[in-house]
């Protein structure tokens, strides 16, 4: 049984908060300048790297067809119930069509219900219903690939990392060769369709996390024994500075005409994953003040419900969009505070009433091994 790493659990909340701020700033007109200068959608990138790290930490010895099937089922049990519930909630409340002006189609429904929407290149499909759920579609691809990726990983990690990077560059090439525009309506394939959404384009970030997780298993104890108390602070600085500087580099290179929109898109969104992986390794190995703060139980609890926060936050925003009188005359700061309070409260209920019970129920359908049981408590 793997020992939990609480400082990484709490980081999930901060990554989710990045996405929430990005999506809510324009509605409340707060932090808009901040979201323009700091690419907060990199919170998704951080999630992908963290996912690879944790799964490798917990399942480094995964082998055999039976164990692989049980692993994938455990991941479906972790993700699908809360997603299906929020998808149904959007459908029943009719929040999605009213807030977006779009009509729900059978194709959109099937793609979202099966978490395959990221394989469609049309924004009207992969952003349908709960728009953020496209990342779950990408994660399902990662889970399906993990049993193959982890196989003999100590000796093959460099090959798998190179192949996954080649996939990311292939996505850039496809976007360029098809003249995909940077932006477009829902029925137009854009550079984001390939570079940002297409699951193989994001595999590099997941494999980077796997490399960091394997490095932690091999060297984490030695680094921790060094007694360097500022390691956590160094890790946070690496993560924060890279999240700010790498997008700036992408924008600068495009501004000088050295790269096009597709490669700029990859640099601004995905390139910091290299530093995220390093930061996660250092943070997981740290024992100082930063690790203690991030291990504070309330922050860890927020990290545990972060998946529900991620799924709920846009539903709340869309509800406010179609009911503007709810915040009419309310100071934007207080409206934002109320939004966060309601989102966290609703997310807590989703976690307690839907996410965890359904996960446990689905896991009883398979014969579990201890590793699977412990994994569901940590990721």
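Including glycine, each Cβ sits where the backbone N, Cα and C put it.
Because TrEMBL annotations are produced automatically, they should be read as predictions rather than curated entries.
Annotation source TrEMBL lists domain 'Acyltransferase 3' at 8-351. Look at TrEMBL and you will find 12-31, 37-58, 79-106, 126-150, 157-176, 196-219, 231-253, 273-294, 301-321, 333-354 tagged as transmembrane segment.
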Highest-contact recorded stretch vs the transmembrane segment (157-176), from 12-31, 126-150, 196-219, 301-321, 333-354, CB pairs under 8 Å: 196-219
Cβ pairs under 8 Å between the transmembrane segment (37-58) and the transmembrane segment (196-219), at least three: yes
Same-chain residues at least 6 beyond the ends of the transmembrane segment (333-354) whose Cβ lies under 8 Å from its Cβ atoms: 20, 24, 28, 30, 81-82, 85-86, 302, 304-305, 307-309, 311-313, 316-317, 320, 327
For the transmembrane segment (196-219), sequence-distant contacts whose Cβ falls under 8 Å of one of its Cβ atoms, 6 or more beyond its ends: 45, 48-57, 60, 118-119, 121, 126, 134, 137-138, 141-142, 145, 149-150, 153-154, 157, 160-161, 164-165, 167-168, 170-171, 265-266, 269-270, 273-274, 276-278, 280-281, 284-285
Beyond the flanks of the transmembrane segment (126-150) by at least 6 residues, Cβ under 8 Å: 19, 23, 44, 47-48, 51-52, 55-56, 59-60, 62-63, 67-68, 71-72, 75-76, 79, 83, 86-87, 90-91, 96, 102, 104-105, 108-109, 111-112, 115-120, 160, 186, 193, 197, 199-200, 202-203, 206-207, 210, 310-311, 313-315
